[in-house]
């Protein structure tokens, strides 16, 4: 087996080997995202005041969905999201202590903890165990998206890095689409919810495939040093990153960007209905289609917005501009829902889906340019790239969690103050727009990665 690995590490096969590792780590992340995304659709409404059970895992665990549960469940979601942030930062510590291979094995193994989660006892305490096990699964899944970056840094050239970075943005939207489509095409969503254990189990168990591949073909590529490259203490370098202002600019950019791409497919179901002053769930089917449009736009991102990474042009202002356009298009989606979908105006309703697609194209498409930027800085290598991305994603998730808590508290606190859904959703919508726009500030606080441009210019003059 070692001979096979050595052959794969041959310079001639370097790119193919890197693509093998990148593909299966990304596969693990895709499976996690789909598994995680199904939570919203498979939950159901639990048990109502009359004792009637709605299909889904909440009724399995004998959960009565009331005001007290909403607070408890929100708190659990906050803890899980925060755990994902902490887990992401843990990647830096793992990479400082272990090789990439072992760090990846640990991450994928954590995702397998999702297998027994849905077979916990059918009681409220079983639901607590369910959440705990899925928190570990979420930590492992989030770690995987970071662990692709050292592979990109080690095995791909500059041109290849930009290409891989563009296609690397597919996996989260694709996983989310997988979790939405069954509810779009199913005659009754309850039919899908009745199979929640099977769906969760299959998606978690499939992670055995990337685990086996990494165990067999993974290597310690990030542990190599040369005579001209003095060995540096990992934790000291981590300390330097934590003291750097650029780190926090990246955190602001990624944290606010996460809000801009994640919240539209989750909060819009209630927010759009409330802003239109109509009963919730009336147009959920239309919003699901809008969500698919928003996410599916990522598939043409590499041949549109992503092409910017192949140019010599400046990065920061382009990122800021595309973020602004994408956020404004989301705002226009809300407007067209209110005056089109809610009023059953066919022409304006068509604009609702078009704006959703274009908003997704901008917000998801720009991620590829953002992901490629760290690779364009001078002296980037597999180890430092891994540490950098772990801090960016980890602290970015913590930023996202703070905003999630704020948005979740708005209706809970508002209910006690005698507010209504329109007021809650208006405040939520404004907070979402303002926070998303702060990503632009993060982009402008970054240093322009001019090294790649200079090298390309030299090559052209030759």
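Our numbering is plain: 1 for the first residue shown, then up by one each step along the chain.
A Cβ is built for glycine as well, from the same backbone N, Cα and C atoms used for every other residue.
What TrEMBL records for 15-38, 75-95, 102-119, 125-147, 167-186, 198-221, 246-267, 287-308, 317-340, 346-366, 387-410, 422-446 is transmembrane segment.
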Looking at 15-38, 102-119, 125-147, 246-267, which one has the highest count of Cβ pairs under 8 angstroms to the transmembrane segment (75-95)? 125-147
The transmembrane segment (246-267) vs the transmembrane segment (346-366): 3 or more CB pairs under 8 Å: yes
Are there residues at least six beyond either end of the transmembrane segment (15-38) with Cβ under 8 Å to its Cβ atoms? List them, or say none. 8-9, 104, 107-108, 111, 114, 137-138, 140-142, 144-145, 147-148, 151-152, 154-157, 160, 164, 168, 171-172, 174-176, 178-180, 196, 199-200, 203-204, 206-207, 209-211, 213-214, 217-218
Against which stretches of its own chain does the transmembrane segment (167-186) lie, if we need a Cβ under 8 Å and a gap of at least six residues from its ends? 22, 26, 29-34, 36-38, 40-41, 145, 148, 152, 192, 265, 285, 288-289, 291-292, 295-296, 298-299, 301-302, 306, 360, 364-365, 367-368, 371
Distant-in-sequence neighbours of the transmembrane segment (422-446), which means Cβ under 8 A and at least six residues beyond its ends: 245-246, 249-257, 259-260, 263-264, 267, 270-271, 273-275, 277, 316-317, 319-320, 323-324, 327, 330-331, 334, 373, 403, 406-407, 410-411, 414
